[in-house]
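Visitor: Pulled the feature table from TrEMBL, pasting it below:
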type: DISULFID; residues: Cys504-Cys514; note: disulfide bond
type: DISULFID; residues: Cys522-Cys531; note: disulfide bond
type: DOMAIN; residues: 126-311; note: domain 'VWFD'
type: DOMAIN; residues: 500-532; note: domain 'EGF-like'
Amino acid sequence: MNPGKLIVSEEAFEEKITISSTIPVLCDHNTECCITFKLDTDATTDISVQSMCDYKLCDKDWDPTKLAASIEVPIVANQDMIKDGNKQLLLTFEDLIPAGGGPYHRVFEGHQPSQIQVDVKDQDISRCSMTGDPHIHGFDYQTYHLYKTGDFVAYEVKQRDFQVMVRTWACGAVACICGVTIRERNDVIKINECDQAIHGSHTSPTVEIANKLSEGTIIQRSRNGRHIGVYLPSGSEIKLDVSNSHMNLFIQGPGTDKFRAMGLCGTNDGNPGNEFTKPDGSQDPVCPPGSRACIPDSFEEAWRSAPRDSLFENIPPLLPTQPEIKYCACKDNHHGSPAINCTVRANTPSSKTACHNCPTVTNRFRPNFLAGKTWTKRAAVFEDVDLPDALYTQADIPAIDPNRKWPNDQGITEGHALALCTQAIYKSQLVGKCNAMDPKIKDSFMSDCLADILHGGSTDFLDAITDAFTTDCQQTIAKEPSSYVSDPVTGERVMKPEYLGDICQTDCLEHGRCGPRGACICNAGWEGEFCHMQAGKGPILDKIRSGPLCDKSQRPCKRVFVDATNLDLSDDLACKIQEVDDQGKAVGKAVITEADFVSSTRISCEIPETNVSSRRYQVTATNDGALYGNALDLLVFDSTCLDCTGAGCTEKLTACHINEVCYGNGQIDTSDSSRQCVVVKNRTDWTILVTTARPQLEFFPTLSGPNVDFLMTCRFFPPADLTGEATIRRLVDGREMKAETLSQGLTEAFISIAQLPSAGRLTCEVGMRGASSVSGSVNLAVSFSVWLQ
């Protein structure tokens with residue numbers, strides 16, 4: 001075994017043990033023969049083995065130049081986020097297990113390799129928070145303030161393609177975070193309410209992903225939608241507490257980020273003196289001790305992101321795919337063999353403080369954008385999309401005077417503010433524990449709270465101070481080994497309930513009170529985990545965001561997005577779609593369809609597909625599968641032949657309306673090519689075409705695409721004796737879109753997908769010497785979707 005002693009560190013990556021044998025592994029047959037090394041560790045919470053717990057040394061591993069066979073075993077220190085000091089562990093092997101045949105194998109029987117000492121070097125995690133308006137608690141320096149609007153890099157580790165970016169908007173006289181975008185390699189997650197109205201009744205962040213998420217990425221959201229946690233394969237954790245005006249952001253990075261991370265959060269090297277380091281390496285001096293308001297203007301501007309570099313505007317190009325590495329805990333289960341658990345997150349155990357007991361919502365999201373392009377919705381695609389209320393615009397705010405005196409603009413004195421802030425901090429159930437561990441935490445949040453009231457001129461952030469102080473305390477407590485107990489069922493190390501599970505959220509206090517063990521006891525007329533729902537009402541649907549009319553000639557009309565309140569993120573959240581007649585009377589049986597929790601004040605409902613020209617529906621929703629709320633009217637129609645308003649529809653004179661289906665003028669019946677819509681002859685029935693059929697060519701063209709240049713290709717291969725020009729026609733549902741003549745010898749014709757409608761059946765017709773043939777049809781809606789995936 002080499003080395004005889006291994007040193008692994010939480011701030012470094014994998015180290016390797018080389019297992020060698022100078023005795024060849026031989027068998028008496030030609031099949032593979034091996035000996036198996038089974039690993040066991042005496043403390044699997046501190047180290048993991050890459051990929052597997054059983055390693056094989058085989059005959060094919062023999063190196064004749066070294067006269068030895070060797071394999072490598074990668075070992076990593078777990079990024080446990082706990083300050084538990086350096087440790088000495090033993091990596092143990094069971095008796096070797098030969099596999100093969102013949103007498104030569106007996107030399108390995110009963111042999112147990114020597115134990116290897118593994119020294120694990122502890123490393124503190126990287127922590128940063130941005131709360132309130134916002135106050136930045138950096139890696140090594142507390143506290144400074146960001147009184148600016150725009151996009152900023154909060155935390156960046158270039159070596160692992162990791163970045164957290166914040167977007168701020170004006171909230172009164174100061175700025176607040178309205179959006180956070182997180183990137184780890186190809187995982188790009190945007191949590192955003194910046195395209196909504198500040199303090200709006202339906203303002204709540206939506207969550208979007210740019211690409212398919214990697215296996216180890218987890219997104220959680222509380223049932224009232226106000227708390228979001230993101231766990232990444234690297235061990236990074238992001239926690240967000242949100243309202244309709246601001247977000248509190250907490251970032252925890254693994255020990256490997258030490259000396260690598262930069263951004264508004266600082267330098268992460270343990271030196272407070274160089275915290276204000278800019279991207280180019282130059283530094284601004286830190287604020288002197290006792291500064292009433294530390295506002296490092298030049299440093300903050302240096303980390304402002306231009307639109308071309310902003311993760312809020314552009315999605316980075318995809319990086320080369322890397323295999324998902326799994327790490328294994330190889331622990332003796334005391335029954336003669338190791339208990340093996342291999343996952344992509346086995347080396348990054350979590351304290352689960354980012355969103356404790358929140359539903360996991362990772363699988364609810366699907367990529368909706370293009371890597372290497374922008375977050376702009378697929379406006380050109382035949383798809384139902386939820387358009388933003390308004391585009392984000394950066395509104396500048398007046399410069400803050402760091403030497404401002406009390407009272408504030410509302411007449412609040414320093415003494416009154418101090419009393420309010422003390423009350424806010426002491427509302428936290430963890431204030432006693434936190435003060436005993438580190439009194440500086442309370443002092444820091446007291447400074448933040450006073451700054452909120454003085455410069456923001458408001459007491460709106462008092463609950464945010466309580467939440468932020470509690471979270472900071474929890475993260476501080478989570479670093480201490482004594483804060484954990486062993487789960488009696490799983491054996492997993494979990495935080496003591498008095499520090500996590502029994503903590504009551506301030507959300508509860510809006511319509512309830514905190515009871516024993518963190519339970520929220522609701523006031524009369526309210527219900528839910530956070531007392532966030534009016535009892536006995538179900539979801540209250542306010543409006544369909546795109547309006548009560550849906551034109552299926554412009555989009556599929558298979559999903560609508562609804563502004564709503566009284567929502568609960570539950571597995572039973574669903575929509576009910578009831579068809580109604582023009583008088584609002586129910587027609588047939590209602591259909592229960594999928595509902596997506598888009599935000600705490602927005603859902604989407606799936607609508608049954610219809611082929612007819614118009615259908616009226618009433619849309620309702622349920623949180624629990626039993627109680628439905630109020631109904632909204634929806635009219636799905638086809639503007640090809642109908643003009644519709646909320647009052648009803650009238651037929652157009654420019655199209656046909658045949659058997660409750662719309663057809664454009666000149667459109668051919670797909671089931672009978674001898675019938676055509678001719679509005680000057682008949683708008684309610686097909687017109688029979690009187691034509692002389694052209695002779696049929698003996699070959700048929702093929703239609704394919706779109707290719708990388710977004711072109712649809714028509715190809716044909718005439719026999720050698722058929723020469724001359726060829727006429728190529730592209731038709732969508734029988735309507736000619738483009739025609740061209742090809743010279744002899746040319747057998748390909750192209751049309752850009754931008755020249756075609758986003759729906760319909762595309763065909764290609766080839767004509768030569770008075771005869772013609774037609775390709776099979778292509779569904780353009782499918783082609784557009786494939787192209788944009």
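Heads up, the Cβ atoms here are built off N, Cα and C, so glycines get one too.
These figures come from a predicted structure and were not determined experimentally.
On this model, are these features tucked inside or out on the surface, and what's nearby?
Guide: Listed in sequence order, Cys504, Cys508, Cys520, Ile521 are the same-chain residues six or more apart from Cys514 (disulfide bond) with CB atoms under 8 A from its CB.
Residue density at Cys522 (disulfide bond): 20 other Cβ atoms are found within 10 A of its Cβ, drawing on all protein chains shown.
With a cut-off of 8 Å between Cβ atoms, the residues of this chain six or more beyond the domain 'EGF-like' (500-532) that come close are 222-224, 226-227, 351-353, 356-357, 427, 429-430, 463, 466-467, 470, 474, 568.
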Visitor: When the pLDDT values for the domain 'VWFD' (126-311) are averaged, what is the result?
Guide: 94
Visitor: Which residues in the same chain, at least 6 apart in sequence, have a Cβ under 8 Å from the Cβ of Cys531 (disulfide bond)?
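Guide: Set apart from Cys531 (disulfide bond) by at least 6 residues yet with Cβ under 8 Å, we have Asp507, Cys508, Glu510, His511, Gly512, Cys520, Ile521, Cys522, Asn523.
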